[in-house]
Amino acid sequence: MLNKLYDWVDERLDITPLWRDIADHEVPEHVNPAHHFSAFVYCFGGLTFFVTVIQILSGMFLTMYYVPDIKNAWESVYYLQNEVAFGQIVRGMHHWGASLVIVMMFLHTLRVFFQGAYKKPREMNWIVGVLIFMVMMGLGFTGYLLPWDMKALFATKVGLQIAEAVPLIGPAIKTLLAGDPEIVGAQTLARFFAIHVFFLPAALLGLMAAHFLMIRRQGISGPL
C-alpha cells in the first residue's frame with residue numbers, strides 16, 4: 001500500500017533523487033569517529049541540532065497548556081507541571097534542554113574557532129553561526145520570564161536594564177521588549193511570549209537552513 005503510494009508520488013514529483021542524494025552522502029573520513037577517535041568533536045554541531053529539535057517539539061507541547069497572561073501564566077505552568085500527564089517530564093526536557101543547547105553550541109563554536117574552520121571560504125557560514133548563537137541566547141532570555149515567578153521577574157528586570165545600557169538605542173530596545181519601559185507587566189509577558197514562540201523561532205529556522213545549505217555546498221572543513 002505504502003509502496004504504491006510512494007511510486008504514485010515519485011512518478012509525478014521524482015522525489016527519489018532528492019532523498020537519495022541525502023541518504024547516499026558519504027561522511028568524510030576525518031569526521032568519522034569510527035576511523036578517528038578525535039573526530040567526536042565534529043558531533044557537537046549535530047548534537048546542537050538534535051537538542052534544538054527536542055526544544056521545538058517540547059515547546060509545541062508546552063504551548064498547548066501555557067497561558068501568556070499575568071493572572072494565569074504561573075497557574076498554567078503549575079497545572080502543566082502537576083496535573084498534565086508527562087507534563088513534568090516534557091517541561092523538564094525543555095528546561096534542561098535550554099541549557100544543554102547553549103553548551104553544545106558553545107563547544108561547536110570552540111571547535112570551529114580552534115580548527116580555523118571559519119576561514120575562507122567559510123566566512124559567511126561563520127557569520128550565520130554567530131547569528132544562530134545570538135538567536136539561541138535570545139530564546140533563553142525570553143523564555144525565562146514565561147513561568148512568571150519572582151525569580152523570572154527579577155532576572156528579566158536585570159536583563160532589560162542591561163539592554164537599556166546599550167549606547168544610543170538602549171532605551172528603544174528596552175521599550176520594544178518591555179512595552180512599558182517603567183513596568184515589567186502584562187505587555188512584557190505578551191511580547192516575550194510572541195518573541196519566544198514566533199519571531200525568534202522563525203529567524204532560527206531560516207538561519208539554520210542557510211547554515212546547512214552552506215555546509216552542504218562547501219563540505220565539512222578539516223583542521224586548518
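Using the three backbone atoms N, Cα and C, a Cβ is placed for every residue, glycine included.
Taken from Swiss-Prot, the feature heme b 1 binding site covers Y42, H108, R111, H211, S221, and the record attributes it to similarity to another entry. The number of other CB atoms found within 10 A of the CB of R111 (heme b 1 binding site), across every protein chain shown, is 16.
Listed in sequence order, the same-chain residues six or more apart from R216 (heme c binding site) with CB atoms under 8 A from its CB number zero; the list is none. Residues or ranges marked as heme c binding site in Swiss-Prot (evidence: similarity to another entry): C43, R216, I220.
What Swiss-Prot records for R91, H94, H196 is heme b 2 binding site, and it gives similarity to another entry as the kind of evidence. Applying an 8 A CB threshold to same-chain residues 6+ apart, the list for R91 (heme b 2 binding site) reads S58, L62, V77, L80, Q81.
Annotated transmembrane segment per Swiss-Prot: 37-57 (among others), in sequence order.
The transmembrane segment annotation in Swiss-Prot covers 96-116 (among others) and is backed by sequence analysis.
Feature annotation from Swiss-Prot assigns transmembrane segment to 126-146 (among others); the stated evidence is sequence analysis.
Within its own chain, the transmembrane segment (195-215) has Cβ neighbours under 8 Å at 49, 52, 56, 59, 63, 122, 124-125, 128-129, 131-132, 135-136, 138-139, 142-143, 146, 177, counting only residues six or more beyond its boundaries. Look at Swiss-Prot and you will find 195-215 (among others) tagged as transmembrane segment.
Within its own chain, the transmembrane segment (126-146) is flanked in space by residues 66, 68, 73, 77, 98, 101-102, 105, 109, 112, 117-118, 152-153, 155-156, 159, 184, 188-189, 192-193, 195-196, 200-201, 203-204, 207-208, 210-211, 214, which lie at least six positions past its ends and keep a Cβ under 8 Å from the stretch. In sequence order, the binding-site residues near I220 (heme c binding site) (Cα within 10 Å of its Cα) are Y42, drawn from Y42, H94, H108, R111, H211. For the recorded site, I220 (heme c binding site), the DSSP three-state label reads coil.
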